[in-house]
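Quick look at what TrEMBL lists:
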- 296-359: domain 'MIR' (DOMAIN)
- 370-427: domain 'MIR' (DOMAIN)
- 9-28: transmembrane segment (TRANSMEM)
- 68-88: transmembrane segment (TRANSMEM)
- 100-120: transmembrane segment (TRANSMEM)
- 154-174: transmembrane segment (TRANSMEM)
- 186-219: transmembrane segment (TRANSMEM)
- 240-261: transmembrane segment (TRANSMEM)
- 579-602: transmembrane segment (TRANSMEM)
- 614-638: transmembrane segment (TRANSMEM)
- 644-663: transmembrane segment (TRANSMEM)
- 675-695: transmembrane segment (TRANSMEM)
Amino acid sequence: MLGFLKKPVVVTAEINLNLVALTLLGLMSRLWGLSYPRAVVFDEVYYGQFISLYMKRIFFVDDSGPPLGHMLLALGGYLGGFDGNFLWNRIGAEYTLNVPVWSLRLLPALAGALCVPLAYQILVEMHFSHCAALGAALLILLENSLITQSRFMLLESILIFFILLAVLSYLKFYNLPRNSSFSGSWWFWLLLTGAACSCAVGVKYMGLFTYLLLLALAGLHFWHMIGDQSFSNVSLICHFLARVLALLIIPLAMYLSFFYLHLTLLYRSGPHDQIMSSAFQASLEGGLARITQGQPLEVAYGSQITLRNVLGKPMQCWLHSHPNTYPIRYENGRGSSHQQQVTCYPFKDVNNWWIVKDPGMQQLVVSNPPRPVRHGHIVQLVHGITTRYLNTHDVAAPLSPHSQEVSCYIDYNISMPAQNLWRVEIVNRESDSEVWKTILSEVRFVHVNTSAVLKASGFTCISSLPEWGYRQLEVVGEKLSKGYHQSMLWNVEEHRYGKSQEQKEREVELHSPTQMDISKNLSFMAKFTELQWKMLTLKNEDTEHKYSSSALDWITMDTNIAYWLHPTSAAQIHLLGNVVTWTSANIAALLYTCLSLCYLVRRRRQIYDVPEDAWQLWLSAGGISLGGWAVNYLPFFLMEKTLFLYHYLPALTFQILLIPIVLQHLSDHLCRSLLLKSMFSGLTIAWFSSVYFVYCTFSPVTYGEPSLSASELRALRWKDSWNILLRKQ
């Protein structure tokens with residue numbers, strides 16, 4: 001029974017020493033002197049703010065991408081014991097002792113280091129030689145721009161890591177033998193493909209381009225499977241469902257989980273939550289939640305409310321009035337109603353309070369029991385402090401002459417009667433009898449007499465109201481209202497049940513904080529939908545940056561970015577690529593395109609220059625490498641945003657993979673004699689030596705040390721367009 005103990009337990013393992021050596025070299029090149037410089041380097045000033053907010057659990061919105069990348073950077077801070085206390089206000093600021101610089105920069109550096117062995121494995125899985133795979137890995141290893149970008153608190157190296165991992169995983173999955181379908185390894189590589197794609201998109205939206213490329217590749221391969229008669233219908237359906245699960249459903253679930261973790265971590269109110277809806281703000285600890293917690297849920301006749309415009313950008317604002325009137329005539333000579341001004345005011349103020357009144361009754365307090373206002377009900381809105389009624393009539397608005405002026409009615413005893421009835425329309429209602437709810441309901445106010453819709457138009461005007469309107473935002477009655485633009489929607493933010501009928505007592509009531517006993521929280525999906533929409537539609541003002549560039553500048557590296565300059569010496573760090581590698585990548589792409597077109601034309605004429613298996617290998621390798629370059633580069637020509645050289649790095653990585661592919665093809669199929677092969681090998685070695693020479697030459701501005709003299713720095717300016725920093729003597 002125990003006979004198996006008579007023999008020793010032996011474990012054998014195959015170790016690829018090339019892979020081990022490349023991994024070690026990658027770690028050395030990225031981790032060496034990682035804490036230097038101990039100062040804020042370029043976009044660390046941007047991402048560092050978010051790391052501090054994570055440490056303090058304060059909510060923020062960043063329109064640059066989903067939260068996974070930020071959370072990974074914050075993880076480094078958490079592991080290093082960072083408390084979030086550092087003022088990220090300028091590039092070059094020295095880090096205080098409480099900032100764990102090495103830990104914060106560790107994850108991007110590890111991601112950059114692991115890209116080296118990933119490149120090697122990708123070429124091997126493409127069925128190229130180990131020599132070609134080694135060349136691809138060494139080119140990634142010696143690429144100065146990739147080294148620089150991976151040594152700081154930046155996201156590009158993490159993005160490239162997940163992109164390469166997704167490509168490698170799919171190639172591993174595709175190359176498995178047919179009899180291993182639905183085995184453990186088959187599921188592992190397929191699921192890892194989907195997970196890596198989701199992580200790439202979760203770091204930056206740019207990851208979506210590679211995800212779509214792999215989906216297209218998977219679709220093409222499945223299309224070929226459909227034509228294979230050896231697969232039964234049931235087998236094809238199972239393969240299809242497995243791919244849908246692994247490449248669509250699970251990545252989507254993971255993407256949602258990134259936001260779930262993000263929102264779970266950031267539960268405290270902060271300055272960024274002001275662009276979110278009142279309901280979202282009220283779900284955060286502190287801030288608006290302190291004001292609205294326990295408010296009455298249902299708006300009733302007699303309710304005292306503040307109305308916040310749902311659009312919330314470029315700034316939040318509330319429906320507001322004050323005793324001042326519109327001028328009798330505007331600067332352009334047009335006349336006004338000279339009624340009390342109604343505006344949208346971007347600050348909380350007692351003049352933002354309104355009372356919901358039943359037109360058929362005089363009381364301004366909530367009855368017992370309260371009579372809730374429902375969708376379709378007619379109300380009057382009484383300004384809490386001045387007790388004048390919200391009104392509009394056929395008079396042109398001050399800044400929007402095609403819309404109606406909105407005012408609070410003053411009876412001048414002239415032929416302009418009050419028109420102050422408004423119909424409540426709940427846009428996000430679930431039924432036509434739905435009750436108007438605090439925070440949750442998005443409401444349109446439709447004027448009964450003219451059918452105009454109450455709208456905050458100051459968001460789209462060239463300017464706010466003039467001095468007579470205190471530069472506040474214009475509110476109008478929009479006559480032609482098509483659809484539900486957010487500037488026409490309002491929600492109740494603060495709410496109390498009015499108890500005082502006398503005006504002086506009511507003014508005291510309006511100045512006091514709300515203290516009631518009903519609360520409502522948003523679901524995760526509602527918060528996710530709102531946050532995702534804000535991230536996609538929020539547009540910061542794109543200002544011209546000193547180091548911004550166009551996509552055309554990237555191919556020939558006509559631009560650089562100065563990341564850091566030592567405060568006293570000439571030591572500096574630049575985002576600059578290896579000129580030989582970038583030029584070779586462009587030549588490789590051009591050669592691949594020309595050779596492919598030539599082969600296609602000749603194959604059309606029944607002339608086959610390369611064997612069929614080599615032709616299929618050429619096409620598939622180019623589809624991934626050149627296709628990866630195209631999908632990660634060409635979309636930038638359609639983007640209206642400030643662009644920088646580092647945006648090109650994912651595309652460059654794919655283009656670098658193309659270099660050894662083209663070199664091996666030239667050696668195997670175009671160098672037909674032994675002499676030509678020998679000469680080609682010699683030229684390749686000389687070329688690679690030049691890559692290493694350029695890497696060494698620019699290492700001082702890649703790592704920031706040693707400090708160079710002024711003449712040495714001038715010698716590094718190989719292009720007139722490069723901005724190498726020289727101190728004035």
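Backbone N, Cα and C atoms are what each Cβ position is placed from, and that goes for glycine too.
In this chain, the transmembrane segment (100-120) lies close to the transmembrane segment (9-28): three or more C-beta pairs between them fall below 8 angstroms, excluding pairs fewer than 6 positions apart. Counted with DSSP, the domain 'MIR' (370-427) comes out as 0 helix, 26 strand, 32 coil. Taking Cβ pairs closer than 8 Å, the transmembrane segment (579-602) reaches residues 139, 142-143, 555-557, 608-610, 615, 618-619, 622, 626, 629, 652, 655-656, 658-659, 661-663, 665-666, 687, 690-691, 694, 718 in its own chain, all 6 or more past its ends.
Remark: the transmembrane segment (68-88) makes no contact with the transmembrane segment (9-28), by the rule of 3 or more CB pairs under 8 A. Sequence-distant contacts of the transmembrane segment (154-174) (same chain, at least 6 residues past either end, Cβ-Cβ under 8 Å): 42-44, 47, 65, 69, 72-73, 107-109, 111-112, 114-115, 118-119, 121-122, 125-126, 146, 186, 189-190, 192-193, 196-197, 199-200, 203-204, 206-207, 210-211, 214, 217-218, 221, 624, 628, 646, 649-650, 653.
Taking DSSP states H, G and I as helix and E and B as strand, the domain 'MIR' (296-359) has 3 helix, 30 strand, 31 coil. Here the transmembrane segment (186-219) has Cβ contacts under 8 Å with residues 64-69, 72, 155-156, 158-159, 162-163, 165-167, 169-170, 172-173, 176, 180, 242-243, 246-248, 250-252, 254-255, 258, 623-624, 627-628, 631-632, 635, 647, 650 of the same chain, all six or more residues outside its ends. Sequence-remote contacts of a segment are chain residues at least 6 beyond its ends whose Cβ falls under 8 Å from one of its Cβ atoms, and for the transmembrane segment (675-695) they are 135, 138-139, 142-144, 578-581, 584, 663, 666-667. Listed as Cβ neighbours of the transmembrane segment (644-663) (distance under 8 Å, sequence separation of 6 or more from its ends, same chain) are residues 115, 119, 122-123, 126, 128, 132-133, 135-136, 139-140, 143, 145-146, 149, 154, 156, 159-160, 163-164, 206, 210, 545, 547-549, 551, 553-554, 557, 559-561, 575, 577, 581-582, 584-586, 588-589, 591-592, 595, 621-622, 624-630, 632-633, 636, 684.
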